[in-house]
Amino acid sequence: MDAQSSAKVNSRKRRKEASSPNGATEEDGIPSKVQHCSVGLRQPAPFSDEIEVDFSKPYVRVTMEEACRGTPCERPVRVYADGIFDLFHSGHARALMQAKNLFPNTYPIVGVCSDELTHNFKGFTVMNENERYDAVQHCRYVDEVVRNAPWTLTPEFLAEHRIDFVAHDDIPYSSAGSDDVYKHIKEAGMFAPTQRTEGISTSDIITRIVRDYDVYARRNLQRGYTAKELNVSFINEKKYHLQERVDKVKKKVKDVEEKSKEFVQKVEERSIDLIQTWEEKSREFIGSFLEMFGPEGALKHMLKEGKGRMLQAISPRQSPSSSPTHERSPSPSFRWPFSGKTSPSSSPASLSRHKAVTCDISEDEED
(Lines of atoms letter the chains of each structure in order from A and count residues from 1; the text may use other names and numbers.)
(Lines give C-alpha, C1' and ligand atoms only; values in the text may rest on other atoms or scores of the structure.)
Protein backbone atom coordinates (compact mmCIF):
# COMPACT_ATOMS: atom_id res chain seq x y z
CA MET A 1 0.00 0.00 0.00
CA ASP A 2 1.46 3.36 -1.01
CA ALA A 3 1.68 6.44 1.17
CA GLN A 4 -1.27 8.21 -0.46
CA SER A 5 -3.70 5.32 0.04
CA SER A 6 -2.56 4.82 3.64
CA ALA A 7 -3.13 8.52 4.35
CA LYS A 8 -6.68 8.22 3.01
CA VAL A 9 -7.37 5.19 5.23
CA ASN A 10 -6.00 6.99 8.27
CA SER A 11 -8.11 10.07 7.55
CA ARG A 12 -11.22 7.89 7.24
CA LYS A 13 -10.38 6.24 10.55
CA ARG A 14 -9.99 9.62 12.26
CA ARG A 15 -13.32 10.84 10.89
CA LYS A 16 -15.00 7.64 12.01
CA GLU A 17 -13.56 7.89 15.51
CA ALA A 18 -14.51 11.55 15.83
CA SER A 19 -18.03 10.98 14.62
CA SER A 20 -20.87 10.64 17.07
CA PRO A 21 -23.23 7.66 17.24
CA ASN A 22 -25.63 9.36 14.83
CA GLY A 23 -22.89 10.17 12.31
CA ALA A 24 -22.34 13.86 13.14
CA THR A 25 -18.78 15.10 13.50
CA GLU A 26 -17.24 18.15 15.10
CA GLU A 27 -15.59 19.02 11.78
CA ASP A 28 -19.02 19.28 10.18
CA GLY A 29 -20.05 21.82 12.80
CA ILE A 30 -23.14 19.79 13.70
CA PRO A 31 -23.63 19.14 17.41
CA SER A 32 -24.01 15.47 18.17
CA LYS A 33 -27.39 14.40 19.48
CA VAL A 34 -27.82 12.63 22.80
CA GLN A 35 -29.08 9.07 22.60
CA HIS A 36 -32.39 8.43 24.32
CA CYS A 37 -31.96 6.47 27.54
CA SER A 38 -34.83 5.40 29.78
CA VAL A 39 -32.82 3.37 32.31
CA GLY A 40 -33.72 4.27 35.89
CA LEU A 41 -36.62 6.53 34.89
CA ARG A 42 -39.45 4.05 35.41
CA GLN A 43 -39.46 4.22 39.21
CA PRO A 44 -38.66 6.94 41.77
CA ALA A 45 -35.34 6.93 43.57
CA PRO A 46 -35.31 4.72 46.69
CA PHE A 47 -34.80 5.97 50.23
CA SER A 48 -31.49 5.21 51.91
CA ASP A 49 -33.13 3.24 54.73
CA GLU A 50 -34.72 0.93 52.15
CA ILE A 51 -31.39 -0.13 50.60
CA GLU A 52 -29.37 -2.99 52.03
CA VAL A 53 -25.69 -2.08 52.40
CA ASP A 54 -22.94 -4.62 52.96
CA PHE A 55 -20.88 -2.97 55.70
CA SER A 56 -18.55 -5.97 55.92
CA LYS A 57 -16.65 -4.71 52.90
CA PRO A 58 -14.26 -1.87 53.68
CA TYR A 59 -15.01 1.44 52.02
CA VAL A 60 -12.10 3.50 50.72
CA ARG A 61 -12.90 7.03 49.59
CA VAL A 62 -11.70 7.95 46.10
CA THR A 63 -9.66 11.07 45.48
CA MET A 64 -10.63 13.93 43.17
CA GLU A 65 -8.08 12.81 40.59
CA GLU A 66 -9.38 9.23 40.57
CA ALA A 67 -12.98 10.45 40.34
CA CYS A 68 -12.21 12.72 37.38
CA ARG A 69 -10.27 9.96 35.65
CA GLY A 70 -13.17 7.55 36.02
CA THR A 71 -13.97 4.63 38.28
CA PRO A 72 -15.19 1.11 37.52
CA CYS A 73 -18.90 0.57 36.99
CA GLU A 74 -19.24 -1.36 40.24
CA ARG A 75 -17.58 1.50 42.14
CA PRO A 76 -19.32 4.79 41.28
CA VAL A 77 -18.35 8.06 42.93
CA ARG A 78 -20.89 8.73 45.68
CA VAL A 79 -21.75 12.44 45.66
CA TYR A 80 -23.97 13.88 48.38
CA ALA A 81 -26.15 17.00 47.97
CA ASP A 82 -28.53 18.27 50.62
CA GLY A 83 -31.16 20.96 50.89
CA ILE A 84 -34.71 21.90 51.87
CA PHE A 85 -36.18 21.56 48.35
CA ASP A 86 -39.36 23.45 49.24
CA LEU A 87 -41.54 24.16 46.18
CA PHE A 88 -39.23 22.04 44.02
CA HIS A 89 -38.34 24.08 40.92
CA SER A 90 -35.91 24.14 38.01
CA GLY A 91 -33.12 25.63 40.13
CA HIS A 92 -33.16 22.54 42.35
CA ALA A 93 -33.22 20.24 39.32
CA ARG A 94 -30.27 22.02 37.71
CA ALA A 95 -28.20 21.77 40.89
CA LEU A 96 -28.84 18.02 41.07
CA MET A 97 -28.02 17.69 37.38
CA GLN A 98 -24.64 19.32 38.01
CA ALA A 99 -24.01 16.91 40.88
CA LYS A 100 -24.87 14.00 38.60
CA ASN A 101 -22.42 15.18 35.93
CA LEU A 102 -19.47 16.03 38.17
CA PHE A 103 -17.66 12.79 37.30
CA PRO A 104 -17.96 10.15 34.58
CA ASN A 105 -19.43 7.57 36.97
CA THR A 106 -21.50 9.29 39.66
CA TYR A 107 -24.06 8.04 42.16
CA PRO A 108 -25.94 11.12 43.54
CA ILE A 109 -27.32 10.88 47.07
CA VAL A 110 -29.69 13.69 48.06
CA GLY A 111 -30.46 14.54 51.66
CA VAL A 112 -33.70 16.35 52.54
CA CYS A 113 -34.01 18.03 55.94
CA SER A 114 -37.06 17.40 58.10
CA ASP A 115 -39.70 19.97 59.05
CA GLU A 116 -38.37 20.23 62.60
CA LEU A 117 -34.83 21.14 61.58
CA THR A 118 -35.98 23.46 58.81
CA HIS A 119 -38.44 25.37 61.01
CA ASN A 120 -35.82 25.79 63.71
CA PHE A 121 -32.90 26.92 61.53
CA LYS A 122 -34.48 28.49 58.45
CA GLY A 123 -38.20 29.10 58.82
CA PHE A 124 -41.60 27.81 57.91
CA THR A 125 -42.01 25.82 54.67
CA VAL A 126 -44.89 25.71 52.22
CA MET A 127 -44.65 21.94 51.69
CA ASN A 128 -44.30 19.43 54.48
CA GLU A 129 -41.40 16.99 54.66
CA ASN A 130 -43.24 14.10 53.00
CA GLU A 131 -44.16 16.26 50.02
CA ARG A 132 -40.56 17.43 49.73
CA TYR A 133 -39.24 13.86 49.94
CA ASP A 134 -41.61 12.80 47.19
CA ALA A 135 -40.64 15.72 44.95
CA VAL A 136 -36.93 14.89 45.16
CA GLN A 137 -37.59 11.19 44.63
CA HIS A 138 -39.09 11.89 41.21
CA CYS A 139 -36.15 13.91 39.91
CA ARG A 140 -34.36 12.01 37.16
CA TYR A 141 -30.87 12.94 38.42
CA VAL A 142 -31.33 11.37 41.88
CA ASP A 143 -30.28 7.80 42.67
CA GLU A 144 -30.94 7.78 46.42
CA VAL A 145 -32.80 9.99 48.93
CA VAL A 146 -31.86 10.44 52.59
CA ARG A 147 -34.78 11.42 54.80
CA ASN A 148 -34.30 13.58 57.89
CA ALA A 149 -30.85 14.68 56.75
CA PRO A 150 -28.67 16.49 59.31
CA TRP A 151 -28.24 20.25 59.16
CA THR A 152 -24.46 19.97 59.63
CA LEU A 153 -22.60 17.02 58.14
CA THR A 154 -20.64 14.94 60.64
CA PRO A 155 -17.85 12.41 59.96
CA GLU A 156 -20.15 9.67 61.25
CA PHE A 157 -22.86 10.57 58.74
CA LEU A 158 -20.33 10.69 55.87
CA ALA A 159 -18.96 7.28 56.83
CA GLU A 160 -22.40 5.75 57.29
CA HIS A 161 -23.48 6.68 53.77
CA ARG A 162 -19.98 6.14 52.33
CA ILE A 163 -19.88 9.61 50.79
CA ASP A 164 -16.92 10.60 48.62
CA PHE A 165 -17.78 14.23 47.86
CA VAL A 166 -20.34 16.86 48.86
CA ALA A 167 -21.84 19.01 46.09
CA HIS A 168 -23.16 22.51 46.79
CA ASP A 169 -22.73 26.03 45.46
CA ASP A 170 -19.56 27.77 46.63
CA ILE A 171 -21.37 30.62 48.42
CA PRO A 172 -20.79 30.39 52.22
CA TYR A 173 -23.93 29.07 53.91
CA SER A 174 -24.14 30.64 57.36
CA SER A 175 -26.46 28.86 59.78
CA ALA A 176 -26.54 27.08 63.14
CA GLY A 177 -23.99 29.45 64.66
CA SER A 178 -21.45 28.93 61.88
CA ASP A 179 -20.30 31.24 59.12
CA ASP A 180 -20.17 28.31 56.70
CA VAL A 181 -21.62 24.88 57.48
CA TYR A 182 -19.48 23.37 54.68
CA LYS A 183 -16.19 24.80 55.97
CA HIS A 184 -14.88 21.51 57.39
CA ILE A 185 -15.93 19.70 54.19
CA LYS A 186 -13.91 22.14 52.10
CA GLU A 187 -10.90 21.75 54.39
CA ALA A 188 -11.08 17.95 54.03
CA GLY A 189 -10.99 18.22 50.21
CA MET A 190 -14.43 16.65 49.82
CA PHE A 191 -16.24 19.71 48.47
CA ALA A 192 -17.35 19.76 44.80
CA PRO A 193 -18.75 23.19 43.87
CA THR A 194 -21.81 23.67 41.68
CA GLN A 195 -23.36 26.82 40.17
CA ARG A 196 -26.54 28.42 41.48
CA THR A 197 -29.25 29.14 38.91
CA GLU A 198 -29.95 32.86 38.88
CA GLY A 199 -33.48 34.22 38.78
CA ILE A 200 -35.24 31.27 40.40
CA SER A 201 -35.50 30.24 44.03
CA THR A 202 -38.12 29.27 46.58
CA SER A 203 -37.94 32.74 48.13
CA ASP A 204 -38.51 34.35 44.72
CA ILE A 205 -41.60 32.21 44.11
CA ILE A 206 -43.03 33.07 47.53
CA THR A 207 -42.29 36.76 46.88
CA ARG A 208 -44.28 36.63 43.64
CA ILE A 209 -47.24 35.07 45.44
CA VAL A 210 -47.15 37.60 48.27
CA ARG A 211 -46.80 40.50 45.84
CA ASP A 212 -49.90 39.42 43.89
CA TYR A 213 -51.75 38.04 46.90
CA ASP A 214 -55.08 39.69 46.02
CA VAL A 215 -55.01 38.25 42.52
CA TYR A 216 -54.42 34.69 43.72
CA ALA A 217 -56.96 35.04 46.55
CA ARG A 218 -59.65 36.16 44.10
CA ARG A 219 -58.64 33.38 41.72
CA ASN A 220 -59.04 30.68 44.38
CA LEU A 221 -62.34 32.15 45.59
CA GLN A 222 -63.64 31.83 42.04
CA ARG A 223 -62.49 28.21 41.93
CA GLY A 224 -64.56 27.24 44.96
CA TYR A 225 -62.23 27.76 47.91
CA THR A 226 -63.87 29.29 50.97
CA ALA A 227 -62.68 32.40 52.75
CA LYS A 228 -61.89 30.29 55.80
CA GLU A 229 -59.60 28.00 53.78
CA LEU A 230 -57.80 31.04 52.38
CA ASN A 231 -57.66 32.77 55.79
CA VAL A 232 -59.50 35.76 54.31
CA SER A 233 -61.66 38.00 56.49
CA PHE A 234 -65.33 38.68 55.78
CA ILE A 235 -64.63 42.24 54.63
CA ASN A 236 -61.84 41.17 52.29
CA GLU A 237 -64.02 38.43 50.87
CA LYS A 238 -66.74 40.95 49.99
CA LYS A 239 -64.09 43.28 48.62
CA TYR A 240 -62.74 40.56 46.34
CA HIS A 241 -66.23 39.71 45.10
CA LEU A 242 -66.89 43.39 44.39
CA GLN A 243 -63.59 43.70 42.55
CA GLU A 244 -64.47 40.66 40.49
CA ARG A 245 -67.79 42.22 39.46
CA VAL A 246 -66.09 45.51 38.63
CA ASP A 247 -63.54 43.65 36.51
CA LYS A 248 -66.34 41.87 34.65
CA VAL A 249 -68.04 45.20 33.93
CA LYS A 250 -64.73 46.66 32.75
CA LYS A 251 -64.22 43.68 30.50
CA LYS A 252 -67.69 44.09 28.99
CA VAL A 253 -67.10 47.80 28.43
CA LYS A 254 -63.75 47.02 26.83
CA ASP A 255 -65.37 44.44 24.57
CA VAL A 256 -68.05 46.95 23.56
CA GLU A 257 -65.39 49.56 22.82
CA GLU A 258 -63.45 47.12 20.69
CA LYS A 259 -66.58 46.08 18.80
CA SER A 260 -67.60 49.72 18.29
CA LYS A 261 -64.12 50.51 16.98
CA GLU A 262 -64.38 47.61 14.58
CA PHE A 263 -67.84 48.80 13.47
CA VAL A 264 -66.63 52.38 12.94
CA GLN A 265 -63.66 51.09 11.00
CA LYS A 266 -65.92 49.00 8.77
CA VAL A 267 -68.26 51.99 8.24
CA GLU A 268 -65.30 54.18 7.31
CA GLU A 269 -64.03 51.59 4.86
CA ARG A 270 -67.52 51.23 3.39
CA SER A 271 -67.98 55.00 3.12
CA ILE A 272 -64.64 55.32 1.35
CA ASP A 273 -65.74 52.65 -1.12
CA LEU A 274 -69.07 54.43 -1.65
CA ILE A 275 -67.36 57.78 -2.21
CA GLN A 276 -65.00 56.26 -4.75
CA THR A 277 -67.91 54.57 -6.53
CA TRP A 278 -69.90 57.82 -6.50
CA GLU A 279 -66.96 59.74 -7.96
CA GLU A 280 -66.60 57.20 -10.76
CA LYS A 281 -70.33 57.27 -11.54
CA SER A 282 -70.40 61.09 -11.43
CA ARG A 283 -67.51 61.26 -13.89
CA GLU A 284 -69.35 58.90 -16.21
CA PHE A 285 -72.57 60.93 -15.89
CA ILE A 286 -70.81 64.25 -16.54
CA GLY A 287 -69.04 62.80 -19.55
CA SER A 288 -72.31 61.47 -20.98
CA PHE A 289 -74.05 64.82 -20.31
CA LEU A 290 -71.31 66.76 -22.11
CA GLU A 291 -71.43 64.37 -25.03
CA MET A 292 -75.15 65.06 -25.38
CA PHE A 293 -75.57 68.70 -24.32
CA GLY A 294 -72.08 70.17 -24.65
CA PRO A 295 -70.94 72.85 -27.15
CA GLU A 296 -70.07 70.14 -29.63
CA GLY A 297 -72.65 67.68 -28.40
CA ALA A 298 -74.96 65.46 -30.36
CA LEU A 299 -78.03 67.56 -29.50
CA LYS A 300 -76.57 70.71 -31.06
CA HIS A 301 -75.73 68.83 -34.25
CA MET A 302 -79.26 67.45 -34.35
CA LEU A 303 -80.77 70.95 -33.90
CA LYS A 304 -78.56 72.42 -36.60
CA GLU A 305 -79.45 69.65 -38.99
CA GLY A 306 -83.20 69.98 -38.24
CA LYS A 307 -83.12 73.77 -38.61
CA GLY A 308 -81.43 73.46 -41.96
CA ARG A 309 -84.04 71.01 -43.19
CA MET A 310 -86.89 73.22 -41.98
CA LEU A 311 -85.47 76.30 -43.70
CA GLN A 312 -84.96 74.32 -46.89
CA ALA A 313 -88.53 73.05 -46.77
CA ILE A 314 -90.06 76.49 -46.09
CA SER A 315 -88.10 78.67 -48.53
CA PRO A 316 -88.70 78.12 -52.35
CA ARG A 317 -85.88 77.34 -54.66
CA GLN A 318 -84.22 80.39 -56.32
CA SER A 319 -84.29 80.53 -60.13
CA PRO A 320 -80.95 80.70 -61.94
CA SER A 321 -79.55 84.19 -62.50
CA SER A 322 -79.15 83.57 -66.25
CA SER A 323 -82.84 82.83 -66.92
CA PRO A 324 -84.95 85.80 -68.16
CA THR A 325 -87.38 87.32 -65.74
CA HIS A 326 -91.08 87.02 -66.49
CA GLU A 327 -93.24 89.98 -65.84
CA ARG A 328 -96.62 89.25 -64.44
CA SER A 329 -99.67 90.86 -65.92
CA PRO A 330 -101.61 93.03 -63.62
CA SER A 331 -104.20 91.11 -61.73
CA PRO A 332 -107.76 91.71 -62.90
CA SER A 333 -110.01 93.79 -60.77
CA PHE A 334 -112.09 91.92 -58.26
CA ARG A 335 -115.73 91.60 -58.85
CA TRP A 336 -118.55 90.06 -56.92
CA PRO A 337 -120.08 87.09 -58.60
CA PHE A 338 -123.51 87.34 -60.09
CA SER A 339 -123.18 91.06 -60.24
CA GLY A 340 -124.15 92.24 -63.71
CA LYS A 341 -123.85 95.83 -62.89
CA THR A 342 -120.64 97.63 -62.93
CA SER A 343 -119.53 99.49 -59.92
CA PRO A 344 -120.08 103.18 -59.96
CA SER A 345 -117.30 105.36 -60.99
CA SER A 346 -114.97 106.17 -58.20
CA SER A 347 -113.59 109.46 -57.24
CA PRO A 348 -110.07 110.41 -58.30
CA ALA A 349 -108.79 109.94 -54.73
CA SER A 350 -110.14 106.44 -54.39
CA LEU A 351 -108.69 105.49 -57.75
CA SER A 352 -105.29 106.59 -56.71
CA ARG A 353 -105.49 104.54 -53.46
CA HIS A 354 -106.60 101.50 -55.42
CA LYS A 355 -103.65 101.78 -57.75
CA ALA A 356 -101.25 102.07 -54.86
CA VAL A 357 -102.58 98.93 -53.13
CA THR A 358 -102.46 97.04 -56.38
CA CYS A 359 -98.86 98.01 -56.93
CA ASP A 360 -97.95 96.86 -53.41
CA ILE A 361 -99.58 93.46 -53.91
CA SER A 362 -97.83 92.96 -57.22
CA GLU A 363 -94.47 93.83 -55.68
CA ASP A 364 -95.02 91.35 -52.85
CA GLU A 365 -95.81 88.61 -55.30
CA GLU A 366 -92.64 89.32 -57.26
CA ASP A 367 -90.60 89.15 -54.13
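The backbone N, Cα and C atoms fix where each Cβ goes, glycine too.
Residues annotated as N-acetylmethionine in Swiss-Prot, with similarity to another entry given as evidence: Met1.
Among the features that Swiss-Prot reports, region 'Disordered' is placed at 1-35 (among others).
Summarising the annotation, Swiss-Prot assigns N6-acetyllysine to Lys8 and lists similarity to another entry as the type of evidence.
What Swiss-Prot lists as CTP binding site is Ile84, Phe85, His92, Lys122, His168, Asp169, Tyr173, Gln195, Arg196, Thr197, Ile200. The C-beta environment of Arg196 (CTP binding site), restricted to residues of the same chain at least 6 apart in sequence and closer than 8 Å, consists of Gly91, Ala95, Asp169, Ile171. In this structure, Arg196 (CTP binding site) belongs to neither helix nor strand by DSSP; it is coil.
If you look up Swiss-Prot, you'll see Lys122, Trp151 marked as phosphocholine binding site, on the strength of similarity to another entry. For Trp151 (phosphocholine binding site), the number of other Cβ atoms no farther than 10 Å from its own Cβ, over all displayed protein chains, is 17.
Annotation source Swiss-Prot lists region 'Disordered' at 313-367 (among others).
Per Swiss-Prot, compositional bias 'Polar residues' is recorded for 315-324.
Annotation comment: Swiss-Prot describes Ser315 (among others) as phosphoserine. DSSP assigns Ser315 (phosphoserine) to coil, not to a helix or a strand. Cβ environment of Ser315 (phosphoserine): no same-chain residue six or more positions apart lies under 8 Å away.
Annotation comment: Swiss-Prot describes 319-324 as repeat '1'.
Taken from Swiss-Prot, the feature phosphoserine covers Ser319 (among others).
Taken from Swiss-Prot, the feature phosphoserine applies to Ser323 (among others).
Per Swiss-Prot, the feature phosphothreonine maps to Thr325 (among others).
Look at Swiss-Prot and you will find 329-333 tagged as repeat '2'.
Residues or ranges marked as phosphoserine in Swiss-Prot: Ser329 (among others).
The phosphoserine feature in Swiss-Prot is assigned to Ser333 (among others).
According to Swiss-Prot, the phosphothreonine annotation covers Thr342 (among others), on the basis of similarity to another entry.
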His92, His168, Tyr173, Ile200 filtered to the binding-site residues whose C-alpha is within 10 Å of Lys122 (phosphocholine binding site):
none
Which number gives the other C-beta atoms within 10 angstroms of the C-beta of His168 (CTP binding site), all protein chains shown included?
21
Which same-chain residues, if any, lie at least 6 apart from Ile84 (CTP binding site) yet have Cβ under 8 Å of it:
Val112, Cys113, Thr118, Lys122, Thr125, Arg132, Thr202
For CTP, whose listed binding residues are Ile84, Phe85, His92, Lys122, His168, Asp169, Tyr173, Gln195, Arg196, Thr197, Ile200, the greatest C-alpha pairwise distance in Å:
21
Distant-in-sequence Cβ neighbours of Tyr173 (CTP binding site), under 8 Å, six or more positions away:
Asp180, Val181, Tyr182
Please report how many Å separate the Cα atom of His92 (CTP binding site) from that of Trp151 (phosphocholine binding site), as a whole number.
18
Residues with Cβ closer than 8 Å to the Cβ of Ile200 (CTP binding site), same chain and 6+ apart in sequence?
His89, Ser90, Gly91
